[in-house]
Amino acid sequence: MFRALREQFPHAHCELDFRTPLELLVATILSAQTTDVGVNKVTPTLFARYPDAAAYAGADREELEELLRPTGFFRAKAKSVMTLGQTLVERFDGQVPPRLKDLVTLPGVGRKTAFVVLGDAFGQPGLTVDTHFGRVVRRMGWTDLDDPVKVEAAIGAMFPRKDWTQLSHVLIFQGRRICHAKRPACGVCPVARWCPSYGVGEVDPDKARALLKFELAPGAVRPAGVPEPAAVR
Ligand code: SF4
């Protein structure tokens, strides 16, 4: 099933735009309750205005809130980002620490966010058990556990560490594009033949195809190797 998903989404990647660990950490915090596309719309201005942890630490709260307004929950997010900046300056010399045990001590950073940063900004294998990851592995019958930390341990034991980051990306792509929470597109799913949940969603291929989603901004430039939606089908 992993092989089939990898063939379906050879381009699977972190969909947040970033250049540094700090940018990815901030973008991940902002992605709560909104889409990566929505976050990517505000981050170019945000990252230019606040280039380092000290800039967030000393931000003007109202100005920061206004910048973050389109991402929703902007007051809480502004507070989180400012507190994060202050903590990084006070405890880590303004740098994002590259270790799980340090990352999870940062305000607003749980294991999921920490693994996103470790996997995509520091190149260390990590399983990112978000809502898509959990739903897809349960539907595919890989586990029946609900608790994200237990899911992480169970799935981690099934795959070599070197595959963890890519596995997370393809499962999240599968959850966003095909195996949706409400109406999964079983009729065009690459793992349908092995999936014990086949049939919980639409099985008619034409109707299933109409359910496919692609979280790309209109007119967005696709990264190299990203097929057009028609090819993904
Ligand atoms: S067959 Fe249906 S339930 Fe199973 S992974 Fe595919 S879309 Fe999800």
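Even glycines carry a Cβ here, placed using N, Cα and C.
The structure displayed is predicted, hence computed values, not measured ones.
Look at TrEMBL and you will find 30-177 tagged as domain 'HhH-GPD'. The [4Fe-4S] cluster binding site annotation in TrEMBL covers CYS179, CYS186, CYS189, CYS195.
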CB within-chain contacts under 8 A for CYS186 ([4Fe-4S] cluster binding site), separation at least 6: ALA192, CYS195, SER197, TYR198, GLY199, VAL200, GLY201, GLU202, VAL203, ALA208
Tally of residues which DSSP labels helix, strand or coil - the domain 'HhH-GPD' (30-177): 99 helix, 0 strand, 49 coil
CB-centroid shell, 8 A cutoff, [4Fe-4S] cluster site CYS179, CYS186, CYS189, CYS195, site residues removed: ARG139, MET140, ILE178, PRO184, ALA185, VAL191, ALA192, SER197, TYR198, VAL200, GLY201
Fewest other C-beta atoms within 10 angstroms, as judged across CYS179, CYS189, CYS195, which are the binding-site residues: CYS195
Structural state of CYS195 ([4Fe-4S] cluster binding site), classified by DSSP into three states: coil
